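To start, the structure under review is shown below, and the notes come after it.
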């Protein structure tokens, strides 16, 4: 019987620290529910002491998730630990993850504490966290650059104090696989009480080695890996959940562990996170990129047709790629739509949400002859995106015009706090004109940081997905929109971002570098 490798997902905490990836409370809950479908063991939902918004997000995830452990991050200080404990109180299974830096440069320059003081603080933090839960994780921040003897000392003390998981972070992505694997080997063999805790790896991808380092740690005895969907994270990102899971699953001849992850939900999780954060997945990304299971070479194509395993080491269906491309059309009824949603793993909390999605589907089917799985997923994402709490702005109508030699124009009507208002503008293109017309009505004062468009499927009638990123006074939000008309999709995305920008529930939080 293989040992279980615990999958600890930190998309909602460390992943959100990627500049521009900030999420609303509702978006975090949606992602958490998908992670629960994926059967992730632990969901790190946020940093409760960072802000009231983050506290409420962790609390909301703790209430919504039933089958995964919900974790809150806390520095080794009283307020952080208390806030984390309060935030996870409603969880069926809760964990507090507390940390303090242990590398010489961090202790001297950042903490201004002696090694003895750091050990004392670590012990206190673990004991204080256990006042709220028996499930306590301790991280020696920047462990990869810490002195081995001191690292052993502080970890032994933390386990004695009651830590049940010891996480070893390569905070700045400095380690290489052989070195990181050897570190785990040393820790597990030198620390007398190492068998009393699960050892975990948390790697950053600054040198492109996050997954390799994590797998090296697993080979040396780590039994938890901290990761994010799509490898999302600050700087170059974190360990990609989908890559670790499928590496372990595919190479059962090499690894002595397996995970409980329900892999057919991987692609849905990837698309949801990409859609909400606005961080598109590159086509050649392992497991979830659109080219991950494509074969251009004639020799490869011939081999795959004769026997799949000649050039494919895993099945596309095992991670959620559908072999059934064309699914529905304009004559499809509600029951067929509901059935296909179920096959795609898409669920709605209320019949009204299903009805709204079906109406959107019928509208799309009138404009698009063939409806694909990707269209349905984009349509549902678009509907969820527009379901914003305290919605202030809503698109009512949009008319654009362009002619060679003349400036493109746009006339837009918005519903603003219960009243319809209309404005027109010219621009360098129809999208530019549309955004300028919107600004005539709302005067947001925000700066457009990113505008990107991607097609959901092939063909000129494909749904287009648009992402905009806006910044105002240090706050960054993402907006998404989807439509067969790319200008309409752009307007939807811009309006979605504006609604988030004026939502006072959104927050700006300090970075936690674990």
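Backbone N, Cα and C atoms are what each Cβ position is placed from, and that goes for glycine too.
According to Swiss-Prot, the residue from 79, 92, 135, 238 that belongs to the Mn(2+) site alongside 14, 202, 204 is 238. Cβ proximity to the Mn(2+) site centre (mean Cβ of 14, 202, 204, 238, cutoff 8 Å) flags the following additional same-chain residues: 10, 169, 171, 203, 205, 210, 226, 227, 228, 233, 237, 239, 514.
In sequence order, 10, 14, 15, 202, 203, 204, 205, 210, 226, 227, 228, 231, 232 make up the list of same-chain residues 6 or more apart from residue 238 (Mn(2+) binding site) whose Cβ falls under 8 Å from its Cβ. The number of other Cβ atoms within 10 Å of the Cβ belonging to residue 204 (Mn(2+) binding site), over all protein chains shown, comes to 27. Within 10 Å of the C-beta of residue 202 (Mn(2+) binding site) we count 30 further C-beta atoms, all protein chains included.
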